[in-house]
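Novice: Here's a structure for you.
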Ligand SMILES: NC(=O)C1=CN([C@@H]2O[C@H](COP(=O)(O)OP(=O)(O)OC[C@H]3O[C@@H](n4cnc5c(N)ncnc54)[C@H](O)[C@@H]3O)[C@@H](O)[C@H]2O)C=CC1
Ligand SMILES: O=C(O)[C@H]1O[C@H](OP(=O)(O)OP(=O)(O)OC[C@H]2O[C@@H](n3ccc(=O)[nH]c3=O)[C@H](O)[C@@H]2O)[C@H](O)[C@@H](O)[C@@H]1O
């Protein structure tokens, strides 16, 4: 079966880049990305590519190449569903904020709405692909809705989780470690659907990197991959504190253990704590699933990854307060970075938010500079915590567009995101304009301790012993 027309529901961080890459690599397939968020669709359609809703290196170039040719952004959800042979569901699956499973389970209401809409609109057979990250066995719920609400058309459900990381999304999509497709191999229709999706990816992904499994393995592999990745960060962050107490250096430890091919060298950077929209949400979801099967030890094991991460963020802000003579009230502290990692404007669950909130509780004055995050986003992030009124946040925190201005008259600088540009600043100039003693708290371990100490800074680097 040759697919000619694809629809993707959800024009977010996953839907936008994944479909743009499919459109680029498959010029004969028409790809339409739909969303109920009109503003977001308008931004995807904006003439000025600087106004795309998502910043990802290499994305704007692909949008320019494909948009209006075989890639379309639209709010006409029903029309796109009707026209497509294959529909990707790429909507958000946040942690539930109400009812049973509140604060843990994935909220599947957006997924269910999509399934109901597809069922209502579809007049011909469709392949429905789960792109969103979902609890294991969600496909059976989607299938049940489609089969019971639909107009008697035949639906095949595939699981095709996305493994891209933000900041490297385009590179990850163009050259993925693997593409995972879960489907029903016990029926001929299931096989045909799997083959149709394999054929799409085969346009640019080597066959040996396309892996097929049963649907449940595919769904669970996505949660497992994120849990393992986050666990590595929490493990190295746990060791970072031991390093600080003992005089070891976490970067040396990471290098030493990473050279063991069984451990591997990636994802061993100690930090102020992991952020991003998925690690915490997916682990909480895993913990909830384990608990729902009565697997309490399994649940506790994975929950510890989050407990460690929360601890790392609090430990960082506590250290700032205690180092600044146990009070930061009225003191200016500069945040370099607000995004949850470099090369993205995404701030969801960024460690910077919690660290800022802790310091604002201590009445610090914070100045933030981030090369890609806009002021409205920063205040919205703090507002979401509901710790204090927006006006109070606005009286305590300012957002600067010039890093040197952000650092001027500051008592301390905290590095929250590992943006490359921070390494190349004129640190002598920054030092000369700061209050003395001038402190730097490097939560990403990116700055050179000796150079900064030679300038005169009192320098703390995460995971570095005295
Ligand atoms: N952000 C990431 O790097 C990754 C995310 N994922 C998973 O992909 C899924 C999507 O994540 P993001 O793209 O980050 O979310 P997002 O929040 O950026 O985008 C989701 C979009 O879906 C739209 N939407 C929701 N319900 C809709 C409906 N009924 N009809 C039409 N549009 C609807 C929303 O308006 C929003 O624009 C989640 O399950 C996430 O766990 C997976 C891999 C990477
Ligand atoms: O499901 C998802 O959403 C995605 O989640 C992560 O991708 P992402 O969150 O975009 O970015 P990562 O590079 O994984 O970084 C996550 C957080 O961990 C932190 N991190 C990462 C690596 C490291 O060594 N140390 C560390 O502190 C980063 O700074 C960041 O805050 C996974 O890497 C992707 O494979 C997955 O598809």
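Placement of Cβ uses the backbone N, Cα and C atoms for every residue, glycine included.
Curation plays no part in TrEMBL annotations; they are all automatic predictions.
The feature active site, nucleophile is assigned by TrEMBL to 278. Positions annotated as NAD(+) binding site by TrEMBL: 10-15, 35, 40, 91-95, 132-133, 166, 278-281, 348. Here TrEMBL flags 334-449 as domain 'UDP-glucose/GDP-mannose dehydrogenase C-terminal'.
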Novice: If you run the three-state DSSP split on residue 10 (NAD(+) binding site), which class comes out?
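Specialist: Its secondary structure by DSSP: coil.
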Novice: Let me spell it out: for each of the binding-site residues (92, 95, 280), count the other Cβ atoms within 10 Å of that residue's Cβ, using every protein chain shown. Which one has the most?
Specialist: 280
Novice: Give the mean pLDDT for the domain 'UDP-glucose/GDP-mannose dehydrogenase C-terminal' (334-449) on the 0 to 100 scale.
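Specialist: That region's mean pLDDT is 97.
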Novice: Can you tell me how far the Cα of the residue listed as 'active site, nucleophile' sits from the Cα of residue 92 (NAD(+) binding site), in Å?
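Specialist: One finds 10 Å between the Cα atoms of these residues.
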Novice: Of 10, 13, 92, 95, 280, listed as binding-site residues, which ones have a Cβ less than 6 Å away from ligand 2?
Specialist: none
Novice: Mind running the binding-site residues 10, 13, 35, 280 against ligand 1 and keeping the ones whose CB falls under 6 Å of it?
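Specialist: The ones that qualify, in sequence order, are 10, 13, 35.
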Novice: Per DSSP, what is the residue tally for the domain 'UDP-glucose/GDP-mannose dehydrogenase C-terminal' (334-449) in helix, strand and coil?
Specialist: 46 helix, 19 strand, 51 coil
